[in-house]
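Marked as Zn(2+) binding site by Swiss-Prot: Cys30, Cys213, His238, Glu242. Sequence annotations record features per position, and here Swiss-Prot assigns ATP binding site to Lys274 based on sequence analysis. Taken from Swiss-Prot, the feature motif ''HIGH' region' applies to 32-42. As annotated by Swiss-Prot, motif ''KMSKS' region' applies to 271-275.
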Amino acid sequence: MTTIKLHNSKTRKKEVFTPIDPDNVQMYVCGPTVYDRAHLGNARPVVVFDVLFRLLRHVYGDKKVTYARNFTDVDDKINTRAAESGRAIGEITSETIQWFLEDMGALGALQPTHMPRATEYIPQMIAMIEELIARDHAYEAEGHVLFAVDSWREGYGQLSGRSVDDMIAGARVEVAPYKKNPMDFVLWKPSDADQPGWESPWGRGRPGWHIECSAMSHDLLGESFDIHCGGNDLMFPHHENEIAQSCCANPEGEFARYWLHNEMLQVEGKKMSKSLGNFFTVRDLLDQGIPGEVVRFVFLQTHYRKPMDWTEKKAAEAEATLRKWRALTAGIEPAATAAAAVVDALSDDLNTAGAIAEMHKLAAAGDGAGLLAAGQLVGLLGDEMGEWAAAPSVDLSAHEARLFKARQAAMETKDFSEVDRLKAAYTEAGLEVRMSKTGVELVPGAGFDAAKLEALS
Ligand SMILES: Nc1ncnc2c1ncn2[C@@H]1O[C@H](COP(=O)(O)OP(=O)(O)OP(=O)(O)O)[C@@H](O)[C@H]1O
Ligand SMILES: [Zn+2]
C-alpha cells in the first residue's frame, strides 16, 4: 500500500500516516462561520483538504474515508449581521450555506460525508461542558461557563508551542472579573431575550465557538480520530482550545492524532480576511468568467504550507495549460489508475505542485489517458467542470485585422467612434487591447469570454 507522509503540526515533523482503522479513515476540517460569501482565502483549506480526502480515498478505498466539515451557524458575527440587515438569523445562515456549497462545488470540491451545523449539536455541547465541570476542568461564573486552563497546565499550549504565561503576555485576551485566569475561555455564555439561546443547566444561553468543533467531532468521529485540519490562523486559540476541551472531557481518547494546517492566501503580504477588508469572493471571480477549475489549478500550484498570492498572470497561465490538457484528453477514457509518480508526489505531504509537474510530463508525452487519471486524483479535467473549455478558442486574427482597419479609416475621417466601440467590446470580452503603429494585438486575460465576441456585429 502507498505510504502517505503528512506534516503533523503537533510534532512539527513530517510523519508516516498510519490510520487507527484503515477501513474507516477519519478527518475533520473546521468549516466556515456562515454570514457572508466565502472569500478566496476561505476556499484554500477547502481545496487543499479536498485533495487530502481524494488521496485517502484513492489509497484506502472510496467508501473507507469519513470526512466531517462543520458549519458554524451560531456566532456573534452572525447575530450582528442579522441585527444590521433586519433579517432572520436562520435565513442568513441557510442562504450562506447554500452559497458556500455552490461556490466550493464550482472549485471541484467533493462534499464531505458529514456537514454538521452547530445548532443541531447543542445537547452534545451541553453534555461535554457538564463533563468538563464534573472533572474540575471548568467552572460556572455569572451565567458563563469557563474552561480553567490552570486545570490542564501540562497540556495547554502544546500545539502552538507556548506556555500559558507567554500567552498571557502576548495575547489580547478578554479580561473579565469572573475569570480565574485571564486565559480561561468561554464554553457557554448567557443570552439576552433578543439573542439566540437554548435552555441549559446554567440558564438560557449559547455555546462558545471552540466547544462546537469538540462536540461535533466527538459525536461524528469519536474520542480518537485520525486527522484534524484547518487554516494556521486557527492554531491558536481555536485548535488549542479544542484540544483542551476534548482531551479533558475524554481523557481515555487521543482526540486528533495528526494536525494539518494550511498557510494563508495573502494580498500584498497580509492575510486575506473579512476583518481587514482586503478580500474578494470566489463568486466575484466566477462572475468575472474565471472558471472554477482555473482557480483550483492556481491553488494546487503552491504547497499548502506556503503562503500564496492570487495573480491574474497565474490565472491566465493556468487557463492556457488547462485548455491544452482538455484538448489532449477530449473523448478519451481515463487510464485505470493514476501514475505512481503523481500518487507519490501527493503522498509526500500533499505535494500538489509536484503532482502538476508530473501531469505536465504526461501531457508532453501525449498520454491523455494518464493525464485524465491523474486529473481525477487532484480534481481537475472532470466533465462536470469542463463547460468553460467547450467554447471553441477563437481565432483572434480576424478581430485584430478589423480593429486595425477601423483605426486606419478613423485616421482619415477623424471619427474614432467605431474604434472606441470595438475597443470597448474587446475589453468587455476580457481581451487586452494592445495597439501600436504597426498593428493590433488582442491578448486574452483570465476572464476572456469568447461568446461575447459573437455578439459583435
Ligand atoms: N487568507 C486565508 N487563507 C487561507 N485560509 C483562510 C484565510 N482566511 C481564512 N481562512 C480559513 O477559512 C476558514 C474560515 O475562516 P473564517 O470564517 O474565520 O473567515 P475569516 O476570513 O478568517 O474571518 P476574519 O477575516 O473575520 O478573521 C478557516 O479554516 C480559516 O483558517
Ligand atoms: Zn474548529
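The backbone N, Cα and C atoms fix where each Cβ goes, glycine too.
Annotated features taken from Swiss-Prot, shown on the structure.
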{"residue": "Cys30", "record": "Zn(2+) binding site", "DSSP (3 states)": "coil"}
{"residue": "Cys213", "record": "Zn(2+) binding site", "DSSP (3 states)": "helix"}
{"residue": "His238", "record": "Zn(2+) binding site", "DSSP (3 states)": "helix"}
{"residue": "Lys274", "record": "ATP binding site", "DSSP (3 states)": "coil"}
Return the residues near Cys213 (Zn(2+) binding site) by Cβ distance under 8 Å, restricted to its own chain and a separation of at least 6 in sequence. Tyr28, Cys30, Asn70, His238, Glu242
Need one number: mean pLDDT over the motif ''HIGH' region' (32-42). 97
Using a Cβ cut-off of under 6 Å to any atom of ligand 1, determine which of the binding-site residues Cys30, His238, Glu242, Lys274 qualify. Cys30, Lys274
Note on Zn(2+): the CB centroid of Cys30, Cys213, His238, Glu242 has further same-chain residues inside 8 Å, namely Trp209, His210, Glu212, Ser214, His228, Gly230, Leu234, His239, Asn241
Count the Cβ atoms, other than its own, that fall within 10 Å of the Cβ of Glu242 (Zn(2+) binding site), considering every protein chain shown. 26
One finds that other Cβ atoms within 10 Å of the Cβ of Lys274 (ATP binding site) number exactly 16
Cβ packing number for His238 (Zn(2+) binding site), 10 Å threshold: 17
List, in residue order, those binding-site residues out of Cys30, Cys213, Lys274 with a Cβ under 6 Å from any atom belonging to ligand 2. Cys30, Cys213
What is the total of other Cβ atoms whose distance to the Cβ of Cys30 (Zn(2+) binding site) is within 10 Å? 23
